[in-house]
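J.: Below is a structure I'd like to ask you about.
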There are 2 protein chains.
Amino acid sequence: MNILDWNALESDGQARALTRPVQAVAAQTRESVAGLIAQVRADGDVALRAISARFDGVVPESFEVSEAEFAAAELAVPAELRIAMQQALDRIDVYHRAGMAQPYSVETAPGVVCEKMIRPIGRVGLYVPAGSAPLPSTALMLGVPARLAGCSEVVLCTPPRKDGTADPAVLVAARLTGVHRVFKLGGAQAIAAMAYGTATVPSCDKLFGPGNSFVTEAKQQVAQDGAAAIDMPAGPSEVLVIADAGANPAFVAADLLSQAEHGPDSQVLLLSDDAGLIAAVQDEVEKQVALLAREDIARKALDTSLLIKVESIEQAFVISNRYAPEHLILALREPRDWLPQVEAAGSVFLGDYTPEALGDYCSGTNHVLPTAGAARAYSGVSVASFQNQISVQAATREGIANIGPCALTLARAEGLGAHANAVALRLGVAP
Amino acid sequence: MNILDWNALESDGQARALTRPVQAVAAQTRESVAGLIAQVRADGDVALRAISARFDGVVPESFEVSEAEFAAAELAVPAELRIAMQQALDRIDVYHRAGMAQPYSVETAPGVVCEKMIRPIGRVGLYVPAGSAPLPSTALMLGVPARLAGCSEVVLCTPPRKDGTADPAVLVAARLTGVHRVFKLGGAQAIAAMAYGTATVPSCDKLFGPGNSFVTEAKQQVAQDGAAAIDMPAGPSEVLVIADAGANPAFVAADLLSQAEHGPDSQVLLLSDDAGLIAAVQDEVEKQVALLAREDIARKALDTSLLIKVESIEQAFVISNRYAPEHLILALREPRDWLPQVEAAGSVFLGDYTPEALGDYCSGTNHVLPTAGAARAYSGVSVASFQNQISVQAATREGIANIGPCALTLARAEGLGAHANAVALRLGVAP
């Protein structure tokens, strides 16, 4: 990891330090994905079989997971894991349920009632990656809010394993959350199938979930085409830790590494006003990384990661808000006192005993979060992500008598005569 | 307007009837917009001047509206219009304020508190069109929720008039809502300037508002590039009216026409179970359209619009949900009883005395709504559109003792050793 002194940098050096290592999507990826999508649109299931054979090295006998496979998955998953998934699910449910938007109604003028109705998005598609590791936790993070929203059909795609089956833990997690149908499909082909539909995969109104660069590019392309909405743009995972002199270097190092092991393009930043802490964290990272099963991946991520010395914790928050990290860990003595300083981040972790791993799995918050600075204008997945909010208005004769003249004046000012006429007719006046 | 009998159509005829007249964005538009954006990114204000001269036929001396211009606008706007804008603003404020998301906190396990914080998006850019007519109402619809959200910098772009000034009503509306800076810029160049920033126009985190095909394509491109988020994809305005035998044909015709006058590509649909009502509406449309100042535009829109005979009001709702209209008018005897049938729509208007024009201007709901079927998975603009929701979690030692083992089990199952280690270190156990 490289150490930088923030205040010794010129402004372009500072900007460079906060630039994500990811580059723009390669033109080649964009074209490949466009080609795969076109193939699925043209040839449906036939294309899905051809593409799966090419990329996954296997064509499942049936893409849809059967009852027999779900039953086998239940037997294959150890009891301890099943219980842990249920516990995580329960906490995710409690947190997400508490934040659900409520319908409301307000009289904006005598005889004019304006309301908000909340409706589930009809059919939603969830993507659960299974690259270097299958992620049953992602099935929980997407399935729970989909169920709370009341979506009538929840579809989940996850890549097949080499033997053509799906990861049992992902299947059990999907069933625990009430997902309706699971397909063994990965990559851009899964996204294309859920967006446009094939004979076996239904077309969905909105797609959710993380994925590799092909998956995220495919989500962007189907959204751009208007085929399906998507949860958010996605990039590699990232964490920013703000630590003071009192932080525990071993804890901070462990948190940095739990981000770094996600992938070689993960980004990890530490900001501290204490040079001693930074040095101690660096030592700890070296010690801990050598013990990791995913040491190679973590080391690659660390190559582009930074330990930054700042002049004060206040300055650290200015930098953090500019960077807008997906995960923000406050390894500070009175972390709650600093919360008002947080303007842009996906999810925040307070104090020495709240490692990011808790939020990744089971504190209750969602782990599908905005990356690559998107936290400046996007929020993580919530129940609202699976709902439409529809406004409703009802005016009585008295109501339109009260507000109609205002509408008439504005319609005339905008030169929209038919608008004026629609109001004037009800008022019995000239438009 | 063409009359169709829904149940006499084959399924492909039904699908065709519900296909929006808009086609995919022309490749030429896409390329032109990409070129304009590239020009603004490369040459900043110089490009803005060149593009404005070319498309608007004028280069304002300064793009930013000065205090003197605001003062002149205040004098130019008639008192009646100013009052109407203030009244509309007040009702928009009441409705939007009542629906604001609240922060919350919940204990998901002993010693584990999960929260949601709400923060304004820092800098937002509003686009207010001024093509065939300037739209001060759009400035209100965007400016009010931006102010309620507490955005620290609200920027607004609106095209200059031929004399290089901005429409006075738009300026007054902008000031009423507390917009901080207004620029006389239109089209794709305005979107590019707000997304990437120039010497005079600040770069914004999220862009809002309707516009022509160049503006909407530019919004899509800057969002795709990750430069700025956008409120929603946008297309031509549209209305679907469901009317029963008791509906007033003149009112229904006026509502259809107030949509049709927006533009030649506006889409207008009437669904009724009563052939007599359909015939009467057709007659009324003919009578009323001839009296409109914007008759030519309305007639063009009517060419692709449909009056559809359905077998029942229940069937009308099935069709409407499939179409997912931006505006849905229920010209029914007991409209509220039918609300539970509405699954997808932007905004709903109940009964004979709630013309769409009320929602366009001053009932209190927002008129920036999802079009082109996007209402299946997008909602209209609200205060939440201008906010980030940030999750927060805090575990004590007791808290991680309670949920840490669950996280450990899941991390091990996913093969993420550093995640397990970050938890195990705090628990004082082996990862």
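Cβ from N, Cα, C; glycine included.
The NAD(+) binding site annotation in TrEMBL covers A:TYR127, A:GLN189, A:ASN212. Here TrEMBL flags A:SER237, A:GLN259, A:HIS262, A:HIS327, A:ASP360, A:GLU414, A:HIS419 as substrate binding site. Annotation comment: TrEMBL describes A:GLN259, A:HIS262, A:ASP360, A:HIS419 as Zn(2+) binding site. Under the heading active site, proton acceptor, TrEMBL lists A:GLU326, A:HIS327.
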J.: From the binding-site residues A:SER237, A:ASP360, A:GLU414, A:HIS419, pick the residue whose C-alpha lies nearest to the C-alpha of A:ASN212 (NAD(+) binding site).
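T.: Closest by Cα distance to A:ASN212 (NAD(+) binding site) among the binding-site residues A:SER237, A:ASP360, A:GLU414, A:HIS419: A:SER237.
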J.: If proximity means a C-beta under 8 angstroms from chain B, which of A:GLN189, A:HIS327, A:ASP360, A:GLU414 count? These are the binding-site residues.
T.: A:ASP360, A:GLU414
J.: Validating a neighbour-count step here. Other CB atoms within 10 A of the CB of A:GLU326 (active site, proton acceptor): how many?
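T.: Total other Cβ atoms inside 10 Å, all chains included: 29.
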J.: Would you please pick out, from the binding-site residues A:HIS327, A:HIS419, the one with the fewest other Cβ atoms within 10 Å of its Cβ?
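T.: Ranked by other Cβ atoms within 10 Å, the binding-site residues A:HIS327, A:HIS419 bottom out at A:HIS327.
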J.: Can you give me the same-chain residues 6 or more apart in sequence from A:SER237 (substrate binding site) with a CB-CB distance under 8 Å?
T.: A:GLN259, A:HIS262, A:GLY263, A:SER266, A:GLU326, A:HIS327, A:THR371
J.: Closest to A:GLN189 (NAD(+) binding site): which of the binding-site residues A:ASP360, A:GLU414, A:HIS419, going by Cα position?
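T.: Sorting the binding-site residues by distance from A:GLN189 (NAD(+) binding site), the top entry is A:ASP360.
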J.: According to DSSP, which of helix, strand or coil covers A:HIS419 (substrate binding site)?
T.: helix
J.: Determine the C-alpha span of the NAD(+) site listed in the record, that is the greatest distance between any two of A:TYR127, A:GLN189, A:ASN212, in Å to the nearest whole number.
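T.: Greatest Cα separation within the listed binding residues comes to 13 Å.
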J.: Given the binding-site residues A:ASP360, A:GLU414, and counting only Cβ atoms in the protein chains shown, which has the most within 10 Å of its Cβ?
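T.: The residue with the most neighbouring Cβ atoms within 10 Å is A:ASP360.
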J.: Among A:TYR127, A:HIS262, all listed as binding-site residues, which has the most CB atoms within 10 Å of its CB?
T.: A:TYR127
J.: Does DSSP give A:TYR127 (NAD(+) binding site) helix, strand or coil?
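T.: Strand, per DSSP.
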J.: To the nearest Å, how far is the Cα of A:GLU414 (substrate binding site) from the Cα of A:TYR127 (NAD(+) binding site)?
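T.: Rounded to a whole number, the Cα-Cα distance is 46 Å.
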J.: Which Cβ among the binding-site residues (A:GLN189, A:ASN212, A:GLN259) has the fewest C-beta neighbours inside 10 Å?
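T.: It is A:ASN212 that, of the binding-site residues A:GLN189, A:ASN212, A:GLN259, has the fewest other Cβ atoms within 10 Å.
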J.: Taking A:SER237, A:GLN259, A:HIS262, A:HIS327, A:ASP360, A:GLU414, A:HIS419 as the record's substrate-binding set, what's the max Cα pairwise distance in Å, rounded to a whole number?
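T.: About 56 Å separates the two most distant Cα atoms.
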J.: Quick check: in three-state DSSP terms, what is A:GLU414 (substrate binding site)?
T.: coil
